[in-house]
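So the structure is just underneath, and the comments pick up after that.
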Amino acid sequence: MATPPPPLRRATMLLVAILVGVIASTASADLVITRADRRVSAVDLTSHIVRVLASLKVRCSALFLCFHFVQVENVGPDPVSQVLISFPNIQAKNLAAIRAFGTEGKVKGQSTVLPIEVVQPSGAPPELTFFSALLPKPLEKGKILHLDVLTVFTHSLQPFPEEITQAEAQLVVYQDSAHYLSPYPVKSQSLTIRLPGGRVESYTRHPSAKLVDSELKYGASEDLPPFSYLPVIVHFENNNPFAVAKEVIREIEISHWGNVQITEHYTITHGGAKLKGEFSRIDYQSRPYVRGVSSFRNLIARLPPRAHSIYYRDEIGNISTSHLWSDSKKTQLEIEPRFPLFGGWQTTFTVGYGLQLQDFVFYSDGKRFLNITFGSPMEEILIEKLIVRVVLPEGSKDIEVSAPFPTKQWQEVKYSHLDIVGRPVVVLEKPDVIPEHNLYFQVYYKFNNISLLQEPLMLITGFFLLFVACIVYMRTDMSISKSSPSYLAKLQWDEVQATVQKIQGLFEQCLAVHDKLEASLRDLSRTGDIQSCKAARKAADAQFKELSKELKPLLTYLQSSPQSYQIWPKVEELITKEREMQEKLMTRHSTVVDSFEKKLRGQDIENRIALQQQKIAALRQEVESLLEYISEI
Amino acid sequence: MAEPEASSAAANGGGRLRNAFGGVLSAFTLLLIGVLAFSIRLFSVIKYESVIHEFDPYFNFRVTQFLSKNGIYEFWNWFDDRTWYPLGRVIGGTVYPGLTLTAGTIWWLLNSLNIPLSVETVCVFTAPIFSAYASWATYLLTKEAKGTGAGLMAAAILAMVPSYISRSVAGSYDNEAVAIFALIFTFYLYVKTLNTGSLFYATLNALSYFYMVCSWGGYTFIINLIPMHVLLCIVTGRYSSRLYIAYAPLVILGTLLAALVPVVGFNAVMTSEHFASFLVFIILHVVALVYYIKGLLTPRLFKVAMTLVISVGLAVCFAVVAVLVALVASSPTKGWSGRSLSLLDPTYASKYIPIIASVSEHQPPTWPSYFMDINVLAFLIPAGIISCFLPLSDASSFMVLYLVTAVYFSGVMVRLMLVLAPAACILSGIALSEVFGVLTRSLKFQLSKLFDDSSSAVPASGDSSSESSTNSTKSENRNEKSETAPKEKPSKKNRKKEKEMAESVPVKPNKKEKRLLVLPFELSVMGILLLIVLGGFYVVHCVWAAAEAYSAPSIVLTSRSRDGLHVFDDFREAYAWLSHNTDVDDKVASWWDYGYQTTAMANRTVIVDNNTWNNTHIATVGTAMSSPEKAAWEIFNSLDVKYVLVVFGGLVGYPSDDINKFLWMVRIGGGVFPHIKEPDYLRDGQYRVDAQATPTMLNCLMYKLCYYRFVETDGKGFDRVRGYEIGKKHFKLTHFEEVFTTHHWMVRIYKLKPQKNRVRGKLKKLKSGAKSSSTLAAGRKNPWQ
């Protein structure tokens, strides 16, 4: 529908689903269809999918849906195990789904789903495609089988005219046969087409045709021979959104850390009548339902409950027009493309969301399996090509797929976050996917939980090695030439630094001794114990001597080293200052002790040492700032 | 003896541990600064989305996409036929490839590690990553000049300076994003070479300069600033072999490497921007020679030689200068490019090149924009300059020179505020760290004194009475301070030291300190508090600027109303429509501002784009927009244009729309095609589109495309940007038809109606009539026919 076919191929647009009940393998005449009611639902032509239910039912839209309700009676002698259903080829190629439910006997009982396969009976006309519904048990003579067949056709509503302006409503044409096309004689049959309401431009006049409200009925016709065909055409207004996805790529990525991430890429077109001439925003905005009635501006997606981290964007960024409702049963996402879609316009976007792992991945018989719906969560959308890619975690084995309908399958490898061997990808491809295909499918695989730790461990190892490399680099001597001047200079510089540090340590010890002396003086002033004070003095003297002895070799080394030219003057200064300070301290100490011995008053002592004290404090500060300076080099 | 031995070992160990601790601390601080620089730029992603911003970034993004898809060789040979139709553009030879190659490399690296990030994501986050690098480079540079403390301070300030944020938020994928890092890093390597005299760093410096040349046209700033500094060093008598090593390899290697970049090529030796470096190169060699000879000769001989050389040298110099001047004068722009000229003469652009003047970021800045962009740094810079002079070293003189030149350039062009920002940060960092240094040091001494006073108060009963009186007055304050003071301590290291000191320093009533500048206790505490408050203001301002002022991607607009947030996503709506619903080879005409976005987002061929390399072509589009419908149709038709895109803000009040830019179209168009005259569009010198507007204005294409059927929205045609009703309300389009208008009418797309079938004879008659009537003007009206 996205590219409307030329007008004359209207016959191909016709979507019909027919169910024929045929008894027996050979004698097709043995089966008689006692009643065939087809309901072509154009209400479900809400979309463009035609659904036909033939008790026979048919539902249709650019998808149509037909329901066929068929009653089949075996009039022949032999039991019959299959029923043939036939369509003209032009319809059959638009057939997206067919499903049959059978009930035996007059009374409505338990209906069973019948398996369906394509057959080509000998002698059948080549213009027809036959499907055979296999009965669970053969139909005995005289027994009646109720058969409900649901067929869904795509591309069966053709816009006519093919180009309309913004203000016009969209008209579509639907073709079908008023008679039930069947290889069996039909005793009684009818065709009901439910239209979406609105204008009906025309329909094939027929004696039995009746248009009541929005329901068009042909029949009931009686006693039709096999393969009777009476074409009918309905031309009516249908403004339902003809959303056709040219291609949908659905990627389901399983992470055993607890998430199933789904990413869906859509390429959507409006498959209805093409827009002709201007698009005027003022008309669209002031009267959106009149001017722009054939366009659609939003799509609804029903996501599973507890979907999270939902995003909606396209290749140029986030699309801000979307709404989200969620409750415990479902998550409903209403998305608006960037612009309203008129006939022939198209757009692309991506929808992504995360699901809880435990809701979709299960474990049985030593195998895990993913159980998730196949189709897209969008409502009423026809997907011309659906590619489902199931990305299993790295290290999955023994992959099997079970899908409820035939698909093209193959496997790929995808490299994602820090993969080494890549993740196995199961790809399923199916053309013409409709909401009826939204069935669960399963992917079975084996996966060991240990593999989960592979990537974190890899990262840990990587960083560990990096740090080890750093440490090794810092600790090893990488210089190429061990005799080059710069290398030697560096070695010397290191030694100088070590020496300077040692010297610093010594000086700090000196200062500590000074402090001890001070403390002894304070004790003296408190207790008046001259003896202990003298002892302290003696100890200090000894320590000073020891320290200066230690200092000497270091200083000589420093002096001789060529690298220390920057530091040496400072160190020298430090030494002289410290000497001076030491002397002053000693003299003060002796003065104080002396005065205590002479029992002078505290005030006098203060006066005597005041000057010295000042000097000492100043010196001490200088020494300390020098030490700090040196330590900063 | 065992006891002191052990204690000395402990002290040694303590010192080493302290050093190691300091190293780890500063490394950790740097890491945090990097994180800060990165994360403060993520507001745009959090508030909006991970998307490329503005105009130029879209071009860079498109080039990166091309690079990642087709590889480096295809990239060099890329002839882009999607733009400047029908001329096209040689992308590989006209683009600064640094940014693209950087992002492309990052993308390639990530993908080869199987980390599947999209090119877009990499592009969006390139700028924040490089701002982290830039703040680390700032640390290195400042450390070379003034030590670790200043370095950390400067790095922290640069990490969040608004001026730099404005160019490097996530998504702002522009050359400046990596260029600022390259600039600072080149300066760092230069200063490092200057300090060490190591050839290794000199080589690295040349490579870093090469990266800068690859990244941004602003590299000329480096190649002029460094020679200036070298000259300064020589003049102030600071010549050394280190200076020679820092400069000579840079000029030779740097120029050779720069010439490798296609967009620079022979410009590296042929344009005036680079001459200063060669001149200084020669001078440096002369000076080096002089120093060498001075070492060889005795002072007397040297004097003789000196006079000889000077006379000969002057003669040679004159000759060289004369040749240079002649060379330069022979070229029409005096060898300077338009943008550089407008730097030297701020009025140059507005006089001669309307297209440069029309770009808002090429205007001189206003005072508020200084406050907006560098905030309190403006007040700290002078202090930084002063501390650079105490003492003046090669490195610190470089900082001062950098700042002074950057201030000048930022005064000429708003955009160059970006170059000023690092200089401002470095000097403010130096200033702050010095001030903190002084304050904490004096605090330390004062505090130790206080502790000492209190500890000695009990035993030293004989304190002088004057002392005790001052003590008692201080005692109230002291209680507070002893609580607050430990908090202000910058590091544990200091606290530890200060404790040692408090125990050890004896009673010292003397207030006089000889060498150290010590401030009173209250003053230093107040100072520290004030500085912290100042820093707090700066941080608050920066966060506000990052979150509110500079994070808007400009392709998505939001407005807050009573109903909540309202999003205006019209640009992307229009581009998405174009890309999905027009033919791949359709040409779209719009004003050049939207060229890059159209090619990148809609993937359609445009007539002109933001590269603005061909004034005539832009003038043609400007002329078409300012012409009446029929003439415009002819111009567009001759350019194969199928769709015309205009941006219109009148419905929702979006001020930077095409009507407001229209005068520039008239000016630029009129500059080439004289039949477009600016006064025709102005009523009494005023630009307006209401009932007072001139008929020329009301009949020009731009007016019609913007206001087509606008009156039907509210019945009056009230323009919410201009604030009045439009002049001409009801009119029909004859040569164009509306094909798409976005939800808020911000972008309107029109299609050229196909030519009508006409009788042959009639056509001929019409043509000849037109020719005779519109003589000369018609000849120039449409250059493409």
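Positions of Cβ are set from backbone N, Cα and C atoms, glycine also.
Copied over from TrEMBL:
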type     : residues  : note
COMPBIAS : B:454-474 : compositional bias 'Low complexity'
COMPBIAS : B:475-502 : compositional bias 'Basic and acidic residues'
COMPBIAS : B:769-779 : compositional bias 'Low complexity'
DOMAIN   : B:24-427  : domain 'Oligosaccharyl transferase STT3 N-terminal'
TRANSMEM : B:20-40   : transmembrane segment
TRANSMEM : B:90-110  : transmembrane segment
TRANSMEM : B:122-141 : transmembrane segment
TRANSMEM : B:147-165 : transmembrane segment
TRANSMEM : B:209-232 : transmembrane segment
TRANSMEM : B:244-269 : transmembrane segment
TRANSMEM : B:275-293 : transmembrane segment
TRANSMEM : B:305-329 : transmembrane segment
TRANSMEM : B:370-390 : transmembrane segment
TRANSMEM : B:397-414 : transmembrane segment
TRANSMEM : B:420-439 : transmembrane segment
TRANSMEM : B:516-540 : transmembrane segment
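The largest share of C-beta pairs under 8 angstroms with the transmembrane segment (B:516-540) comes from B:147-165, of the ranges B:90-110, B:147-165, B:209-232, B:305-329.
Contacts between the transmembrane segment (B:420-439) and the transmembrane segment (B:275-293): absent, as fewer than 3 C-beta pairs lie under 8 angstroms at sequence separation of six or more.
Taking residue pairs at least 6 apart in sequence, the transmembrane segment (B:90-110) and the transmembrane segment (B:147-165) share fewer than three C-beta contacts under 8 angstroms. For the domain 'Oligosaccharyl transferase STT3 N-terminal' (B:24-427), the model's pLDDT averages out at 87.
Here the transmembrane segment (B:244-269) has long-range neighbours at 76, 92-97, 190, 193-194, 197-199, 202-203, 205-207, 209-210, 213-214, 219, 223, 226-227, 230, 277-278, 280-281, 284-285, 288, meaning same-chain residues at least 6 beyond its ends whose C-beta is under 8 angstroms from one of its own. Same-chain residues lying 6+ beyond the ends of the transmembrane segment (B:370-390) with a Cβ under 8 Å from its Cβ atoms: 145-146, 157, 161-163, 166, 396-397, 399-400, 403, 410, 417, 420-421, 424-432, 434-435, 534, 537-538, 541-542, 545, 549.
Within the same chain, residues 96-99, 101-102, 175-176, 178-179, 182-183, 186-187, 190, 243, 246-247, 250, 254, 257-258, 260-261, 264, 268, 273-274, 276-277, 279-281, 283-284, 339-340, 397-398, 401-402, 405, 409, 416, 419 sit at least 6 positions outside the transmembrane segment (B:209-232) and bring their C-beta atoms closer than 8 Å to a C-beta of that stretch.
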